[in-house]
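Undergrad: Just lifted these from TrEMBL, have a look:
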REGION    1-47  region 'Disordered'
REGION    182-251  region 'Disordered'
COMPBIAS  191-205  compositional bias 'Low complexity'
COMPBIAS  229-244  compositional bias 'Basic and acidic residues'
DOMAIN    334-428  domain 'tRNA intron endonuclease catalytic'
ACT_SITE  TYR364  active site
ACT_SITE  HIS372  active site
ACT_SITE  LYS421  active site
Amino acid sequence: MASEAVDSPPSLIPQPNGNGDRLTVDKKNQTSLENKLKPIGPKRRPYTEIHSRPLPLEVHPLPVFIPHNPLSFVRIAINLISHSFRPPSSHPTVHRGYFSTETQSIHVTNPQSIVALWEQGFWGSGSLSRTEPQWLEHEKRKRGLGESKTAWEVTQERREARRQFKLERARLERETIEQQLRQEGKLASTEQVPAEQEPVVPVKQTGAFPISDANKTKNEFGPTEDSQEDRQNRQVASSDRDPSSEEIEDQEHLQLTLEEAFFLTYGLGALEISKDEISLSSNYLFRLYSTYSNFPIPENSASHIHNLFRLQEQKYKDTLETSDVLPIAPDNPFLLKYVVYHHFRSLGWVVRDGVKFASDYLLYNRGPVFAHAQFAVMILPSYSHPYWSATPDRKEESKKKEARDWWWLHRVNRIQTQVLKTLVLVYVEVPPPWDEDLESKAFQVNIGNILKKYKVREVVMQRWTPNRNRD
């Protein structure tokens, strides 16, 4: 996930002593400590500006209709006439990617497309980052070529600042206790109150927040912080070198899940998947993704499907050999996940992978940089159609696929409760088989009619408490 905002350090609130009296903290020390934690340097762009567009599309709305204003009719008429002669484009840029059989995901390598897909809907994850593609910025900072901090670095610095803040607050409170005890004669001038906290580590002021020297050795994988003098010397040395020799090649690409890529291709038309310089159709991708969602994957599935697709494009229907391609099962894992993904994305939710919290999806109201996910989604197939109970074999098989014991539900609900998320059980009604006659259809799949066969039911699981759920 992208790094989320961390609360600012709390103010110095003195704790009461054993006699019930409240201790006072030196205001001068408190002010100096708070000044150390204030961020310095240029401010980052606000997330509301970066992620102002929820989808990689451009919308051209008509002017507002005002019934009591005759000019509103004229504005609407002018816009309709201009759009009829020169229709505006909702896809100024169509992003491109390719399917990787090794990772079973879609790779997008164009830097402009990577930035656009992440900023306009939070699509995919960086191959060398946690979520947002930030490898290039990290590498530039390591080599002293960039001064801007990434969201992950800001979060790490804020966490370290909070740690130092608590240690400094404990030290001030301990000194206040010692001073008060000496005034009351309960403590000799040479004695000290034993410290229960770990000693405060000297702090170096670098960047936006203080970073301790001890943290530099512990954080082996994160970016290390240098002193201000080292940074200035490095900048002077880098200015003497040839700038062209310091260009860093971006080795990171954006990975899209199969559901994300298909929604961008079929639902929005903002992504093209190509192979051998040929743009693949939605029918091809639908069958390809469905094939690779099964385990084990049939041998040479991608090559067989690609050959069938090229023969179909050349209209050689008599030479189609469909024996190497399996029909799509009605409860195909990709199909069930995409139905749920399409459902929630159409409702305006930002849908992200939920494997981190042992769920299928996470639902964000605006995105991972604004707030934590509110809901965790678990997908369950439902075989309530009469077809699945027509014979004893089908009935027994459908019951095995639907079976979930109580302990499974308890484990899942327990995890979501610990991470403060609401569990949503999404039941997908599985229709009868619809892709058995593959050869007569000549590889074609009517995706719209197929998606209409599936129905989604949502069941929200919440802990029942008498005070909150009382009528």
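Including glycine, each Cβ sits where the backbone N, Cα and C put it.
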Undergrad: Sorted by position, what residues of the same chain at least six away from LYS421 (active site) have a C-beta under 8 A from it?
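TA: The list for LYS421 (active site) reads PHE357, LEU362, HIS372, ALA373, GLN374, PHE375, ALA376, given in order along the sequence.
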Undergrad: In the domain 'tRNA intron endonuclease catalytic' (334-428), how many residues does DSSP assign to helix, to strand and to coil?
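TA: The composition, in the requested order, is 44 helix, 23 strand, 28 coil.
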Undergrad: My understanding is the cutoff is Cβ-Cβ under 8 Å with a sequence separation of 6 or more in the same chain; which residues meet that for TYR364 (active site)?
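TA: Correct list: PHE122, TRP349, VAL350, VAL351, ARG352, PHE370, ALA371, HIS372, ALA373, GLN374.
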Undergrad: Please give me the CB contact count at 10 A for HIS372 (active site), counting all chains in the structure.
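TA: HIS372 (active site) is surrounded by 14 other Cβ atoms within 10 Å.
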